[in-house]
Structures are given as structure tokens and as C-alpha cells.
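Per Swiss-Prot, the features are as follows:
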ACT_SITE  Tyr773  active site, O-(3'-phospho-DNA)-tyrosine intermediate
COMPBIAS  1-12  compositional bias 'Low complexity'
COMPBIAS  13-22  compositional bias 'Basic residues'
DOMAIN    411-814  domain 'Topo IB-type catalytic'
MOD_RES   Ser52  phosphoserine
MOD_RES   Ser54  phosphoserine
MOD_RES   Ser136  phosphoserine
MOD_RES   Thr138  phosphothreonine
REGION    1-180  region 'Disordered'
REGION    467-472  region 'Interaction with DNA'
SITE      Arg343  site 'Interaction with DNA'
SITE      Trp391  site 'Interaction with DNA'
SITE      Lys422  site 'Interaction with DNA'
SITE      Thr479  site 'Interaction with DNA'
SITE      Lys505  site 'Interaction with DNA'
SITE      Asn548  site 'Interaction with DNA'
SITE      His605  site 'Interaction with DNA'
Amino acid sequence: MSSSDSDSVSLSIRRRQRRGSSKRISMKESDEESDSSENHPLSESLNKKSKSESDEDDIPIRKRRASSKKNMSNSSSKKRAKVMGNGGLKNGKKTAVVKEEEDFNEIAKPSPKHKRVSKANGSKNGAKSAVKKEESDTDDSVPLRAVSTVSLTPYKSELPSGASTTQNRSPNDEEDEDEDYKWWTSENIDDTQKWTTLEHNGVIFAPPYEPLPKNVKLIYDGNPVNLPPEAEEVAGFYAAMLETDHAKNPVFQDNFFRDFLKVCDECNFNHNIKEFSKCDFTQMFHHFEQKREEKKSMPKEQKKAIKQKKDEEEEKYKWCILDGRKEKVGNFRIEPPGLFRGRGSHPKTGSLKRRVYPEQITINIGEGVPVPEPLPGHQWAEVKHDNTVTWLATWHENINNNVKYVFLAAGSSLKGQSDLKKYEKSRKLKDYIDDIRKGYRKDLKSELTVERQRGTAMYLIDVFALRAGNEKGEDEADTVGCCSLRYEHVTLKPPRTVVFDFLGKDSIRYYNEVEVDPQVFKNLKIFKRPPKKEGDLIFDRLSTNSLNKYLTSLMDGLSAKVFRTYNASYTMAEELKKMPKNLTLADKILFYNRANRTVAILCNHQRSVTKNHDVQMERFAERIKALQYQRMRLRKMMLNLEPKLAKSKPELLAKEEGITDSWIVKHHETLYELEKEKIKKKFDRENEKLAAEDPKSVLPESELEVRLKAADELKKALDAELKSKKVDPGRSSMEQLEKRLNKLNERINVMRTQMIDKDENKTTALGTSKINYIDPRLTYSFSKREDVPIEKLFSKTIRDKFNWAADTPPDWKW
């Protein structure tokens, strides 16, 4: 129950007239999703029933003939013309975003380890099936047609007719260039040179290690151990995580202990630490817990001062000067050392992430400008002046030897250009998609196994938005995509049902039971034939690289990821077209989230149910009850004012579900406590201000006791209401009460909609598809077209990232 509810009750009892305009209903911004049926954009068009096929369809592909191979090779090697989609931004009048007053703040198996294949284009045992030609089931598929070529600068074509460019700015405009630089209105978006001049201040390194107090030690076999600082730091990483699930994972423990001993040896530390089970990290753990509690209980002023000092130290690293403009830098902090967690069942979880030094880092900066200073006594690995890349610094991390970069922030011009090009590329696919689908459907019946596998993989990537997948090493997480599907990941159920069950990206389980095209089902059955067994690749003639190389021959820049972006944006566009008319704001947001959730399901963007989800649902239910209680009181006020309404409006006598006398007693106690809390907080705020001006003017405690009597009066009045079953309307007129009742009905509907949205979204994550796959112009145009504040659909982070899409007009078409 919020304090606003307490206000509502106390004001009516004290007979204070409610005045002013009605508050607008507010929905809490949510990046969560809601329920929707599965809707793959192609499932209807591609999974049509075909003619029944005889048993001879299961005959293996016969040995290919030379002439057939030649003909098909010629057909598949035809060049496709390049085209750029009619992208860009159209001008449209900006619709004002009405800020709304908050009426109510929202309370807010893995599959078993599989055998791996050492090579992507061969089965585990090395056996290769002969390439065979299948019985004739030809299809008059038309080869991919060439599409006319247009200019490579699509953004200019959709510029507003009166849009200004950097060439015709006034002096006043130039003063605001850093803040309002709209790169998307520029005529020149160069794919090669990314910048002309670049200045920055480098990166921030992790602070040096501070040794533990002398009385805090690692205990080994009952005895304290005096570790050298380097080893003590690593032991502390584990001790700080002692009560987490990670620290209880045997793989995590083994990897940590191995690297801990390695650091001990590197320090030439003479020790007898041999067994992890004899290590006791309790002292260290309690020390870190104490430090956490001290930080939590730190006075607000002290926290503010520490934050201010940190911000001042970091300020110069947050910005760079790009082509004379001040632009924000993204991840300018070098990740501190620690223990690698990894996602899912990662085999390297618990391994030591070592401290990064300047000698590992390459700096990229403009020529003729000061090079950032490294740490004292150190030097950069290399200083480059490469204006064809967008990173400011790079290095290799030690866990997986991955390359790490420092880029500009998500809302920067370079990042924005990259995003716009990505979404334009997916729009461009619209001009090719029909021919590409005809092509891969023809390949589904190809005489060549490699083409048949490629066509089947393209079908799965297109229809079910599967990732392409890459071959994994033994020391990498066992995650799978389309090209790396293994025998055990695909189960076939005649006549044409396929069950996919594997760990996808980030070790998130992908489970989907779907009906597929009969030819696809038949192909998968062929690809699983003996001698293939568990651990063997389904697509043993196909790799991600070869697939993407082939896709590039169909359309410049086309890859499996472009298909995901295309299908995500296409699905969202189609779902938004189903928008019913005359919806409330809350229902519009729910509709949008359900459309978004359809995309998230398509892309397998899942999440686990939060631990406090049930608690949140209970809070929602209680808040709805509190609003129903207010509605019941308003109805009683109306009946008290005009008793005859009991006959003409019998709905005023209707009981509110769940509002019993026992619940009301408990609720009255809650209102009483909230009123006291509100009075105390107001008293404390006043005293803080008075103390700052003149310590002698601070209000005495006796004043607080006087003020708290108002809460006691409220309690007495509420108890009297409960006994009499009547509520005094005070000075309120019938018209005012009716307005308040209508407002309250709307608030209850909003709260119920929020509750539905929250519950439907508990296992699906909206954020990933919003940030990476759905064209943001779809959301901006929807926002303007349906008068939904963009703040209800996009968080500030996403709005900053896609600032280039903010001018999208309401009639923009994907």
C-alpha cells in the first residue's frame, strides 16, 4: 500500500475537498514481454502441405552424374546484382510526448554433455557417405533474379526536404554541434574511412591490490597461511564469492585452485598447499562481508562525496574528440582481475582473469596528437593511427584469448551509423528474399548432398531464426547453432514434426517442437542415417563459413545473422499491424509488449523466473485490493449523498472481490502506519533544512508528537467507518465523486494490465530483441502513430542508442 492511498482516505475523512485536474494514468516503463502465440514469419508460406510422398522418397541420393553437377554448378554461381534498400528517415512532425504524473508506482536441463566432432565436414568416425542422386522430385524453381542497382547512399534519398547538412549550418548551429550532431543527415557515410581526427585519454586501469589486515588469513589444514599479495588477492576473489552458487560448483573450484597454485608458484612462494578441501576461506569471507556492510551503512553525504570524486577522476576518460566533435566513450574501464564466471556450464568457469597492464594494450589515436600516458613505469604494446577502424584501444583477455575493444558509446555517431547500416541491410533483404527462398527450396531436392544440406540449413535459419552456430573446442561451452547441430539434437516424429533440443548461445536451452516442410523432414531423416550416431554432425558437409560465403554471393553483406534481424523486424512489423482500435494507453503498451514477446520467442530470448516473481505478483494483488477498497468507499460516499441511487444504480451496492471485514481491519492498520511514517519523514526533512540554516531552530520532538495525533484521528475515523458501514462524502459533490470513481476504475484496469504483462513476461526477455534485432524505427513510428510515449517502450539507454531513429515519422513503413 503506498502513501498516496493513505492520502486518499485521510483527506476524505477530514472532509478536505479534492481539487485540480485528474491525474493521468501512468504505466511503469517495462522492458518485459507478454504472451503471444508462436508466429514464425514464414511458417505459413513455407510449411504448406505438399503432395503425399511415396516410400521411394526415402531412397538415398544416388551417385551424381557429371553433367548434373555441371548444370547445377553453373546455376548456383549466377551473380546477383547489388541493391540498396529505400532506407533512411522520412521527415515527420514530432509529436509532443506528454509527461504523465505518477498515480501509482509499480511494486515492482541442460542437455547432457555430448561427444564432439573434431571436424566440421566429416562424421566422428571419419566415414563419408557417397554423394547420391535422389529419385526425381524436381521442382520448377526459378533461379534468383537480378535486382536493379541503386545508389550506395540511401540515407540522402529519405532526408527531409528542408534538412540542413554540415555544409550549410549557421554559426549558432555550429555552437551546438557537439550536442546535436545529426550524422544521419550527412550526405557522405564512408564505409572505409571512419574518422579524420581522433583524440582521447586512453583507459582506466583497475586500482592496485590492497592487502588484507594482518589478522585475516587463509586457513589451510587448521593453520593460518601468510600468502604473498599476488596469491592473497586470488584467494580473496574466491573468498568473496564463498556463499554463491558459483563457489559451490566443483568445476569452478578446480579451475580456481589450479590457477591459485600457479600464482603461488609464480611468486616463488614456498608452501604445502595441496588440497582444495583443506582450505578455509571463512576469515576472508567475513572480512569482505563486514566491508560490504560498512559501505551499505555509510552516510549519504559520504557516499555522495566518494561518487563525486570518482566521477571527477573518470571525467576525462568519458569523452573523446572525433573529427572536432566531443563524443562519449563506451567501456573505458579495463576489467579488473577476478574469477571468470562464464555463462551456462562453461568448462573454464572459476579460472583466473589476470590483471591487464599497458604492455598488453594497443592504442588507436589520430596522428599528431598527444598519446595517452600509460601507468607509471609501463608502456603501451603499440600505438596505431588507423582511421578505418572505430576502436580506441584493444587487447587479448587470457581466458579464451578473445580480443577486447574500447569503442565509442552506444549513442555515438560511429555506433549509430553501424546500427543504421545493419537495419538497412535487413530491409534490403526484402528485395531478395523471394528469390533466395526459391533458391534454397530448389536446393532441398538437389542431387548434391552439400547443396541439399545447405538448403535445409537455410530453411531452418529463415523459418525458425536459428543462429548459424560455430564449431567449438573442448575448452569452450558446448553451445550449438544450426550448422553445428548434432545427431542427438534433432528428433524426428512422422509425418513431419521435428523436435529441436540443444543449448544455444549463452548456454540457454533451445527446445522447439515444430512442423516442417515435408522435404525438410525427409532430408533430416537422410542426414541422420547410419553410420551416423550421437556426437556426429547433422550437416557434416556444411560449415558456418561456407554458408555465409554462399549467402554473400546471393546478396552483398548477407549472413545468417541478417536473416535473424530481417525476421525479427518483419515479425514485429506484421504484429504491430494487428493493433485493434480504441485501446487505452495501458492496453496499447500491453499489445506492443506482446508483439515484442513474439519476436523474443522466435529468437529464443529466454530468461529464468526471478526469485521474487511470486512476491511481486502478491504485491500487485494487494495493491489492486487497495484500489478496490478505495472504490468501495467512493460508492458508499455516493450512496450516503443520494440514497436513492441504490435502486437506479445497483452496481454501487456490488461487493468488491476479496474485500472482507478482516482484510479491512488489517488494511486500516496499514493506512495508520503509513500516515505516521509520512508525518515523520516530513518532520525529518523540515529539521534537516532548519539545521542547515540555524541549528537552534530545529523543531523539538514534542512537535512531532503533536503532529502524530493526526494519524491517531485517522485511525479512529477508520474504525468508526467500519462499525457504521457508512462513509462521509465531506464536501464532495456527486459530480466530483463520479469523476473520482471513473478515474479509480481506470487505475484498477491499468494495474491489472500491468500484472498480466509482468506475469506473461516472466520467462521471456524483451531487451535483447529491442537492442539487437528489431528495427527501432518500428517502435518510434508506433509510438507517434498510437500516441504512446516512447519512454513507455524504450528505456533511456535504448533511446540514447537509437537517437538517430527518433525523427521517424508515424507513417514510416519497414
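Glycine residues also receive a Cβ, built from the backbone N, Cα and C atoms like all the rest.
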Checking the recorded sites Arg343, Trp391, Lys422, Asn548, which are within 10 Å of Lys505 (site 'Interaction with DNA') at the Cα level? Arg343
Sequence-distant neighbours of His605 (site 'Interaction with DNA') in its chain (C-beta under 8 A, six or more apart): Thr764, Ala765, Leu766, Gly767, Thr768, Ser769
Would you mind listing, in sequence order, the residues at least six apart from Asn548 (site 'Interaction with DNA') in the same chain with a Cβ closer than 8 Å to its Cβ? Ala468, Ser559, Ala560
Given the recorded sites Arg343, Lys422, Lys505, which one has the fewest other C-beta atoms within 10 angstroms of its C-beta? Arg343
Of the recorded positions Trp391, Lys422, Thr479, Tyr773, the one whose Cα sits nearest to the Cα of Arg343 (site 'Interaction with DNA') is Thr479
Integer Å distance between the CA atoms belonging to Thr479 (site 'Interaction with DNA') and Trp391 (site 'Interaction with DNA'): 28
Just to verify a number: CA distance, Thr479 (site 'Interaction with DNA') to Lys422 (site 'Interaction with DNA'), in angstrom, no decimals. 25
For the recorded positions Trp391, Tyr773, the one whose C-beta sees the most other C-beta atoms within 10 angstroms: Tyr773
In whole Å, note down how far the CA of Tyr773 (active site, O-(3'-phospho-DNA)-tyrosine intermediate) lies from the CA of Lys422 (site 'Interaction with DNA'). 9
Counting across all protein chains, other CB atoms within 10 angstroms of the CB of Thr479 (site 'Interaction with DNA') number 22
